[in-house]
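In what follows, a structure is listed as structure tokens, so that the remarks can point back to it.
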Amino acid sequence: MTSTASSCFHCGLPVPPGSHHTVVIEGVARSMCCPGCEAVAGAIVSGGLDGFYRFREKDSDRPEEAQPRDRWAAYDLAEVQQQFVHDWDDGGKIAALLISGITCAACVWLIEKHLGQLDGIKKVSVNASTQRAQIAFDPTMIKPSELFAELERIGYRPAPATAANREVVIQSEHRAALRRLGVAGLGTMQVMMFAIALYFGAASGDGIGEFERYFRWVSLLVATPVVFYAARPFFNAALRSLRARHLSMDVPVSLAIGLAYGASFYATVFGTGEVYFESIAMFTFFLLLGRTVEMRARHRAGLASGGLAQLLPMTAAKYQDGEVVHIPVAALAAGDQVLLRPGDTVPADGEVLEGESGVDESLLSGESALQQKFAGSPVFAGSVNGDSTLTIKITAAGQATRLSAIERLVERAQLDKPQQVALADRVAGIFVAVVLFAAVAAFAVWWQIDPGRAFWVSLSVLVVTCPCALSLATPAALASATLRLQQLGLLVAGGALLDTLPRIGRVLFDKTGTLTRGEPRILAIELLRDGWSEQRVKDVAAALESQTNHPLARAFRAWRGNLTASQLKVHTGSGLEGQIEGALYRLGKADFVTGEKMSLPEGQGQWLLLGDSKGAIAWIALGDKLRASATAAVDRLIELGLSVELLSGDQSAEVQRLARQAGIDNFRAGASPEDKLSHMKQLQGAGDKVLMVGDGINDVPVLSGADASVAMMSAADLAQSRADAILLNGDLQVLPRAIELAYKCRRIVRQNLAWALGYNAIALPLAFCGLVPPWAAAIGMSFSSLVVVLNALRLSQAEAGTEDNPAISRAGVPGLAD
Amino acid sequence: MESLYFLIPIAVILVGFAVKLFFWAVNNGQYDDLETEGRRILFDDDMQRAKPETKEQQEK
């Protein structure tokens, strides 16, 4: 992001030299990095919505390659629509979509405006924090598939929000938590107001005056909904944990609230003893606050991972009586014949009947090269057809597929996942025992001294030692660390992550898509003929590759359109040819291009030869590039004393090359999902705590079995849902920062616990001796809780790490520029 | 001091209203998306008047 001249105006990625994609936005020509961005920006401008570029605060996501227009046709089928389209008033329908690529509030504006301009759209409402859109439309005027196509045209990736049920659950949970928080907050203010009046003299005199009794009754009235409504989740959780024969932090919390409320109620009704309503209300409020913040962070992560990359298509093109019909994938059965066009995802395991094509199985096996398939070869659900059309016969569908087998592996791995018992919960068990014992002992001792005071003294023991600070110690620190991580670009989904990270001894990386961008780039060009420039080679190759879906074609897309090729022909497995400016060019394997074998040049990557009728012109090396942040991140991790390892399903020498480049000494190539899992188990067996960073389906078993796991934002949905955290911006340097933050978080949790226990150690004997009046108990409790919360807040400002890149605090999205 | 006997109940009733209002707002989805709505007002439709240069400076 140095200057507008060299970075794409739409997505912020660098514009490769020689690329000539521009769009005029608000009167100024802006350069674009690829035809995708150009098309999206063009669509935005032609819709009159170029104000979007002025409103937005972050660069947009780079759009996918343009997809065939009928890609979304499946969503017009009634069976498929059932899952995300519902009836609305007067004949209208409402579609629930999940839209990824929303980076800021301006995106919401753009989507609502753009869709709103279309005929037949009645209402659009987009929620940026959940990335969900509700679109009301008239089914007689516009089809759902057009909604999808329009969203894609302006650069977003739509998917049906079929996980809508879970979303409803999350929403109602969130609202319930807010209502409880509101009741507890307002109740606390009121009760506090009465309590302060009582502290400062309303309770003058020896007995209990008229005003005091009045104030007590009012406090009781206000505190009752706080206890019975706002604090109910604690009681429920405590009951659950007791039934499971396990003492969690909820038990002392409920005990304190319940007993204090019971005793205060008794004191109010019979006009004796002390009341603790203000302590109860404040305690409930603080705790709810901590838990609500934690819950919001968790929900956010859950929503972000909803169905980004769907593994299986929703429909398949099945041959029926000689015709192709689109049917839902769920209706596929073994024996069906299915047509796969280039770019289609294989819907079920099968066998090729006709055709020859390269199939991308990288999600399943990690192997980056296309697998050549011909009649008789097996294909697996979830892999993507590369360059030409195939007809396959389904051999296994649904649960019987290889993909489902991996999912089952995941479930098993998850069962074996080492369970973490939160430090606070371990302390809680001991704490409850000590407090209960002290309360009983106080009662017994005071029964001997002054039977009248015995009950009140033992109650004040319970309230003073009220585990407020103790139970806030961990959630407050976790909540503020979670928020801080979110700002850094790591979305934490599992609460145990921060507990586990400081204990990690080994980090395992996947290769494709994790350490690398998962996208081929031009590594080198070797010219073989005079008079040709590298730029000319790129332009010719880009023109030849312009029509294919082959993954390697992506390497050339920046220069697409500089030249135009005609009569393009794909020769599966060997290369392609086409006419440019009257000459015939070929790009591909050497024997295909020149008709004779040529030895590959020295050097890394996959070599393609460009040639014409007169012979070879240039070698082009393609390969995956490391993320810009990879080397620095690995260095920092090693500096932190962790061992770093690369696990890849890829067979090629690429693994070694990239490992070297990233500074990783230990690497493993050609590892199947089972191998990866058993390797990790072996490491765990040797006593290492393992952090796995990955993105593919083949990593999922390891992600679910590892002590801690991070999935990339571009990862397969399944991978994201099984990981403890999602790396939003692809900046691997966030990982060492997160680990440092986790160290800091652990330190603060310990400080908090020490403070809370220390406070209790002083307060308990005093209460035991009957020296603590209710007001002192309330102040002591509030003060100790405040200390704990303020201490935890230090984490949210913490620059985890010694120095910090200013770009991170500014935009929160670094690392995109690699 | 006797005024407290009716001032406090009034205060409690007002708090009751506040809670009810808050519940209404929560159930109505007012707190579902705290980020977008606050900025929506900035995306007004009379943007043509603004000069394109301002954007460029913000980008830096």
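Cβ coordinates are placed from backbone N, Cα and C, and glycine is handled just like the others.
The feature domain 'HMA' is assigned by TrEMBL to A:93-159. Here TrEMBL flags A:181-202, A:214-235, A:247-269, A:275-293, A:427-449, A:455-478, A:752-768 as transmembrane segment.
Looking only at the domain 'HMA' (A:93-159), the predicted model's pLDDT averages out at 83. Cβ atoms under 8 Å from those of the transmembrane segment (A:247-269) belong to residues 213, 216-217, 219-220, 223, 227, 231, 234-235, 237-238, 241, 275-277, 279-280, 283-284, 287, 424-425, 428-429, 431-432, 435-436, 455-456, 459, 462-463, 466-468, 470-471, 474 of the same chain, restricted to positions at least 6 beyond its ends. Using a cut-off of 8 Å between Cβ atoms, the transmembrane segment (A:427-449) and the transmembrane segment (A:275-293) share fewer than three residue pairs, counting only pairs 6 or more apart in sequence. Residues of the same chain lying 6 or more positions beyond the ends of the transmembrane segment (A:214-235) and with a Cβ under 8 Å from any Cβ of it are 180-181, 183-184, 187-188, 190-191, 194-195, 197-198, 202, 250, 253-254, 257-258, 261, 264-265, 267-268, 275, 277-278, 280-281, 284-285, 287-288, 291. Proximity of distant same-chain residues to the transmembrane segment (A:455-478), defined by a Cβ-Cβ separation under 8 Å and at least 6 residues beyond the stretch ends, is recorded for 249, 252-253, 255-256, 259-260, 263, 273-274, 276, 279, 283, 286-287, 290-291, 294, 422-424, 427-428, 431, 435, 438-440, 442-443, 446, 495, 498, 745, 748-749, 752-753, 755-757, 759-760, 763-764, 766-768, 770, 772, 774, 777, 780-781, 784-785, 787-789, 791-793, 795. Here the domain 'HMA' (A:93-159) is broken down by DSSP into helix, strand and coil counts: 22 helix, 24 strand, 21 coil.
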